[in-house]
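Participant: According to TrEMBL, the record shows the following:
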{"type": "ACT_SITE", "residues": "Cys74", "note": "active site, proton donor"}
{"type": "ACT_SITE", "residues": "Cys74", "note": "active site"}
{"type": "ACT_SITE", "residues": "Cys197", "note": "active site, proton acceptor"}
{"type": "BINDING", "residues": "Asn13, Asn65, Gly75, Asn76, Asn169, Glu187, Arg188, Gly198, Thr199", "note": "substrate binding site"}
Amino acid sequence: MEFTFYKYQGTGNDFVIIDNREDFFPKKNTELVAKICDRRFGVGADGLLLLENHPDADFRMVYYNSDGNLSSMCGNGGRCISHFAKFLGIISEKTTFEAVDGMHEATVKNDWVSLKMNNVEKVNVSENFTFLNTGSPHHVEIVTELQDFDVFTNGRNIRNKTYGKEGSNVNFVEQNDHAIFSVRTYERGVEDETLSCGTGVTAVAIAMFETGKTSENKVTLKTPGGELQVRFEKIGSGYENVYLEGSAIQVFKGIWK
Ligand SMILES: N[C@H](CCC[C@H](N)C(=O)O)C(=O)O
């Protein structure tokens, strides 16, 4: 089966994106998705996104982790697919689309995309970490010497031992300034460190505010793949008007044979 695909990266979190408005893609074919994402035998990506028609919204976003399974929400993927929708001429600058966790708004200006994330109802603060769901589940833990930290081993242990079969993404954080944090993420479903994680840095920003590490509601997150901005409003015990902002780049177009 031959089809065109587009390769995107959002601060180093990389994706294969396919225009599936004709609904041709075999969506249950886990092996095919995993093969497309394979770094040696396929295109190589952290995940695969399908852009589909939607009766009311501008489009529907379907997201698979690189293990081939359907996933929870992907923030960087949401930013990249919004850029792709503008590239296809489906939208001009603003969009409303449906993802697995509901409706999202986004604004695309050149290669800069601002994505509205779902509200966060509950932030669970424990002694050594914070857990919250920003469309995907995230464990947030402050460490020292982040750049030398063994993210893979420690992230995999926490993902499996603390969160069992369901698992969680695991974010390790170091504070650089009052509203600047460095983040490295072990990503569920990729089962490795990724260069950035959109729902992850969103979780980190909110966790740092919730635990008093910052009093700013606009936070810069430095990841190995680049910088992201997160802003939010604390309303009662939850968080609303949560925005994830950063670059989204179309790297190349290809044909899958
Ligand atoms: N792997 C994540 C979903 C994608 C998250 C990440 N790519 C992002 O940008 O939010 C999970 O299974 O929860």
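The backbone N, Cα and C atoms fix where each Cβ goes, glycine too.
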Participant: In which DSSP state, out of helix, strand and coil, do we find Thr199 (substrate binding site)?
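Facilitator: Note: Thr199 (substrate binding site) is helical by DSSP.
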Participant: To test your reading of the substrate site: which residues beyond Asn13, Asn65, Gly75, Asn76, Asn169, Glu187, Arg188, Gly198, Thr199, same chain only, put their Cβ within 8 Å of the Cβ centroid of those residues?
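Facilitator: So the extra residues in range turn out to be Asp46, Gly47, Cys74, Gly77, Ser136, Thr185, Val190, Thr194, Cys197, Gly200.
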Participant: What span in Å does the substrate site cover, taken as the longest CA to CA distance among Asn13, Asn65, Gly75, Asn76, Asn169, Glu187, Arg188, Gly198, Thr199?
Facilitator: 15
Participant: Taking the Cβ of the residue listed as 'active site, proton donor' as centre, how many other Cβ atoms lie within 10 Å?
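Facilitator: That number is 30.
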